[in-house]
Amino acid sequence: MRTYLDLLQHVLDHGVDRDDRTGTGTRSVFGYQMRFDLEEGFPVLTTKKLHLRSIIHELLWFLKGDTNIAYLKENGVTIWDEWADENGDLGPVYGYQWRSWPAPDGRHIDQIANLLKMLHTNPQSRRLIVSAWNPALVDEMALPPCHCLFQFYVANGRLSCQLYQRSADIFLGVPFNIASYALLTMMIAQVTGLKPGEFIHTLGDAHIYSNHFEQARLQLTRTPKKLPVMHINPDVKDLFAFRFEDFRLDGYEADPTIKAPIAV
């Protein structure tokens, strides 16, 4: 994925060095966009191996509306451990906002179910939007949503998705986000009778942590390989019925993992 390497290089060359919430320090740019045509392969990094199991289980966890890490722990996923409390709770994070956004009248809005309904009944709508950024509840979240709003677009039988990510940890987080939302787009396309189109990733504060510079430069020495193909069980027609076993990634050849510390 040359597109991702171009982002790394751009931020290293043109970013501004800034202090940040974690005290680590970053080099960042404000405003950057990447586009991935999902017909050209599944956009997962080949210049370092990603833990696909974590990506899939996290997405299924979001779609369940879950906000406790028990499901993730049961499936060997540790990416949320640093933020959970002693009971494994994270507060009203992504899954809660996606599936149970609290309305002023006491109702809870299932944004994902509403999205699916609109894709069936009014696919030309400009309101095919899901938001995880709820100002009334941000302070109750263990970590406010970094990937905070996404919109779908249907044209010529293809479903495209654009994600706005307010805060983008380029070395560790962004590769996960690309693969996760690409997969979500493919899943929703399948259950709505559409073909996958593009995934467009729009970044706000796009940053590389100062203790990731060496790792980023190592990754830039590597050559991207052909993208793998994601196969999804064609029998699944209900978005909320997908299981881990319904996904198979063929042809994934990647360079070794590059370890880097997480800024909490």
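Keep in mind that glycine also has a Cβ here, set from the backbone N, Cα and C atoms.
Since this is a predicted model, take the numbers as computed values, not measurements.
D169 is the only one of D139, D169 that Swiss-Prot places in the (6R)-5,10-methylene-5,6,7,8-tetrahydrofolate site (with H51, A263). What Swiss-Prot records for the dUMP site is R21, R126, R127, R166, S167, A168, D169, H207, I208, Y209, and among N156, N177 the residue it adds there is N177.
For the recorded positions H51, C146, A263, a Cα-Cα cutoff of 10 angstroms around D169 (dUMP binding site) retains C146, A263. Neighbour list (S167 (dUMP binding site), Cβ cut-off 8 Å, at least 6 residues apart, same chain): C146, G204, D205, H207. In this view, R127 (dUMP binding site) is surrounded by 10 other Cβ atoms within 10 Å of its Cβ, with every protein chain counted. Separating the Cα atoms of R127 (dUMP binding site) and A263 ((6R)-5,10-methylene-5,6,7,8-tetrahydrofolate binding site) is a whole-number distance of 35 Å.
In three-state terms derived from DSSP, A263 ((6R)-5,10-methylene-5,6,7,8-tetrahydrofolate binding site) belongs to neither a helical nor a strand segment and is classed as coil.
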